[in-house]
Amino acid sequence: MENQKMPISSVPNLKDLNMISRPIANFPPSIWGDRFINYTCEDENDQTQKERQVEELKEQVRRELAATVDKPLQQLNIIDATQRLGIAYLFENEIEESLKHIYLHTYVENNCFEGSDDLYSVALWFRLLRQNGYKVSCDVFNKFRDNEGNFKNNLMEDAKGLLELYEATHVSIHGEEMLDDALEFTKTRLESVVSHLNYPLAEQVRHALYQPLHRGLPRLEAVYFFRIYEAHASHNKALLKLAKLDFNLLQSFHKKELSDIARWWKSLDFAAKFPFARDRLVEGYFWVLGVYFEPQYSLARKIIIKVFTMISTIDDIYDAYGTLDELKLFTKAMQRWDVGSLDQLPEYMKPCYKSILDVYNEIEEEMANQGSLFRMHYAKEVMKTIVEGYMDEAKWCHEKYVPTFQEYMSVALVTSGYTFLTTISYLGMGEIASKEAFDWLFSHPPVIEASESVGRLMDDMRSHKFEQERGHVASGIECYMKQYGVTEEEAHDEFRKRLVKAWKDINEECLRPYRVPKPLLTRILNLTRVIDVIYKNEDGYTHVKKAMKDNIASLLIDPVIV
């Protein structure tokens, strides 16, 4: 799309010009209106009754976990079900102890467990231990390969086992060629047999081929799994009822949170003040729910969603409206971080700058109350850094400069926003977000670079065509094509290879011994999962189509039937 002329009234400090050219993107408006502003509280007696039921069912599940302590396969199946149904957070200690016991008795002491010659059982064992940070060897799958290293022919008809092996391959790390082969083998075989399978296995296979479990959002996966689990005649009725009750209670909790945030957002009137920017509060809150949905992270969600809306607007000011001179002024103001800088800004920028300072002051007050004021230094630094990155990209766009791919990535990893969002996600997480944890994060460990890479590469793959149509800075796709003289499809192939590497980096960093507390690593993993879900086939944040609408409805509109 060509740059558009905007009336000079929008930038009163440039009165010497009659018209000014701006890179307007014409982003679609919000599709939600005021839908989430009004929240009707559930009847207090009903709420209390449901909470009582949840507590009773939790005790029942705890007893079942304890009763299977010497039956590892049964215990693994219960743990798998709790995770898939979205209620593992209710049993963190029990699951931790159970998996530790299973690891010590079936791996460290090299004891066999019931089903150790069954592909499904071994793959489930491997995946659950890996997901919990235990570096078990993929050599456990050697028994399923022939003398030439190929997977045995008798596995071809074991669709359930192949599906679990397929899921297990997604927790692989570097140097595990066997799992790379297993991924290709299982994917090819499952694609060929899915149409011949019965429900619910056929549906599970289709879903997994589209969205591998390890890369999906736990709460979204739970909504999908309710009906799959219920279709199994042998399902645990107490577990399913607990999961559904808890889902609905949490959904009400989230709707109340979103209602409060929506009223705050409307009071800012950004939709009117910044009509060129994406109005995506609800999509942003969905993003945040992907990072953490658990009730104990309510403060953390309230902090990050406010900052998220600010950075989304800033991104669009740099990307879809501001002139180079205006953006230089805004960048300087952000470096000063002072309300006195307001007078130096164009009129239209002032509400955004003032709101950023207000949001940060609000967070600072909360951090002071918690004795965690040190965190604000990191929160401000990442804001300054990402804005500098936006400025670099704006200069490239203005100069029509196409950097080398390496030069592009040095800036684009920053503007992916994932170091920024990870830092902000830690602010409300309590004592585990220590100064040492923030220093670790600012050392740019491999897991962060990998998460940034997934964010940047998937974003560029899905949005570069729309962006180039409107005169956007060259994306990674264009930079790679120009530098290496390859086609667009070849560039996409290279990006897909880099995504595979990045996910292996993330998996490796999530193995014990942990460099920081596991909940902090989980935020990075979940942020990466959000990108995989929202950008799987399109830029679902900018262009909100059926997939994104359905996902939001699943988590924030439609309760599940208990």
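Including glycine, each Cβ sits where the backbone N, Cα and C put it.
Around ASP315 (Mg(2+) 2 binding site), the same-chain residues at least 6 positions away in sequence with a Cβ under 8 Å from its Cβ are TYR390, THR415, GLY417. Taken from Swiss-Prot, the feature Mg(2+) 2 binding site applies to ASP315, ASP319, supported by similarity to another entry.
Residues annotated as Mg(2+) 1 binding site in Swiss-Prot, with similarity to another entry given as evidence: ASP315, ASP319.
Annotated Mg(2+) 3 binding site per Swiss-Prot: GLU467, in sequence order.
When Cβ-Cβ distances below 8 Å are used as the criterion, the motif 'DDXXD motif' (315-319) is approached by residues 23, 25, 27, 274, 276-278, 327, 330, 349, 352, 387, 390-391, 393-394, 415, 417, 472-473 of the same chain, each at least six residues removed from its ends. Look at Swiss-Prot and you will find 315-319 tagged as motif 'DDXXD motif'.
Averaged over the motif 'DDXXD motif' (315-319), the predicted model has a pLDDT of 97. Every protein chain considered, the tally of other Cβ atoms within 10 Å of the Cβ of ASP319 (Mg(2+) 2 binding site) stands at 23.
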